[in-house]
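K.L.:
The structure is given below, and queries will be raised subsequently.
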Amino acid sequence: MLNNPIVRALITVFKWFPVVFISAVVIWSYYAFVVQLCVLEIKSECEKAMYLIFYHFFFVMFAWSYYQCLFTNAARIPDRFHLPPEQVAQIDSALSIRNYDSAKTLLESFGRNLPVYTRGFNGDIRYCEKCKAIKPDRAHHCSVCERCIVKMDHHWINNCVCFNNYKFFILFLAYAMLYCLYISLTDLQYFIKFWKDQLTEGSAKFHILFLFFISTMFMISLCTLFSYHIYLTLTNRTTIESYRPPVFSGGPDKNGWSLGGWANFTEIFGDRKLLWFLPIFSGKGDGSGYPSNSARNTLPVTADPQTDIEALSSPSLKSNGHGHSFPIRVAEEDRDDLLRRSQWSEEGAGDENPVVNFSYASSSLRIENERRPHNSLF
């Protein structure tokens, strides 16, 4: 039924309803503040001019950030992570007859030199059966976008928040919060006059009343969400990773990507301070590789150590983007099978970084199907 063109068209239209609703609220707030409050109610020309100048600054930055969140295409995983058609056919054939050893061998061969730290929760390499690709670190398959997204945070309204628009999302929250706060503070004295029955008679008094209530309500909600994402930024986690920590070769580690507050911040916002407050991409890397600070990470041991050195220094494996580079490690097999199913138990479940023991059991292939987290803004 979902493949029906009419059904898919209706779903696409439905996805834009939240955007239309938010846009309608913003347009009404513009009319209520500029026309009803500033033009019709405020008598002082100096006060009116100051209110309008600062209001339009917050309005423009808020609208610009919102536009960038909505219309910046979510970053796809690079082509080098996609398996060639002949290997896809062989893996699908092996999986159809449950020949996991053959499928593992093919994935091991293809993923040997890819820059990947993490595994699935059972210790297997993360392979997306839908996209026919090995997932880069921090990438997940979005069931709404129907493809793997680089450094996916969550699906929001009609787009994925991910590597290349996460900065825009944070700025959107910040400017939307400041926009609502500014309206609340400037409207407060006229809100008080409303209750004292000192406002000019007409519809303006009701616009001023509802403008204060709605802006205050949104400001409180946005403040909470903005604070949470600042915390995620400074700890270098995504929303998905805050609920499900990444699994490295030594086990789960929720702080595995954290390099310190300042380094975590500049990874998203970049080193050019003039661009920090503008919804223009200025982050580091290309989204397919990240430096790790996890004590659970170990360099894979191979029969030929020189192979690892050459792979780590290969220019083709460096995560380059916008003039920045990240050190990359290769996701190569240990001396034991890389993709064997593992069973792990936590010692000291209350500890921040529990010790995880992996015990390898029967052979099987891990196919991860991601689900969208249930924490969108609207």
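In case you wondered, yes, glycine gets a Cβ from its N, Cα and C as well.
Annotations per TrEMBL:
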type	residues	note
DOMAIN	125-243	domain 'Palmitoyltransferase DHHC'
REGION	337-356	region 'Disordered'
TRANSMEM	20-42	transmembrane segment
TRANSMEM	49-67	transmembrane segment
TRANSMEM	168-185	transmembrane segment
TRANSMEM	206-231	transmembrane segment
K.L.:
Can you tell me which parts of the same chain pack against the transmembrane segment (20-42), counting only residues 6+ beyond its ends and a CB-CB cutoff under 8 A?
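P.N.:
For the transmembrane segment (20-42), the list is 48, 51-52, 55, 59, 62-63, 66, 157, 183, 186-187, 190, 199-200, 202-204, 207-208, 210-211, 214-215, 378.
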K.L.:
What are the DSSP helix, strand and coil residue counts for the domain 'Palmitoyltransferase DHHC' (125-243)?
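P.N.:
Counts, helix then strand then coil: 67 helix, 16 strand, 36 coil.
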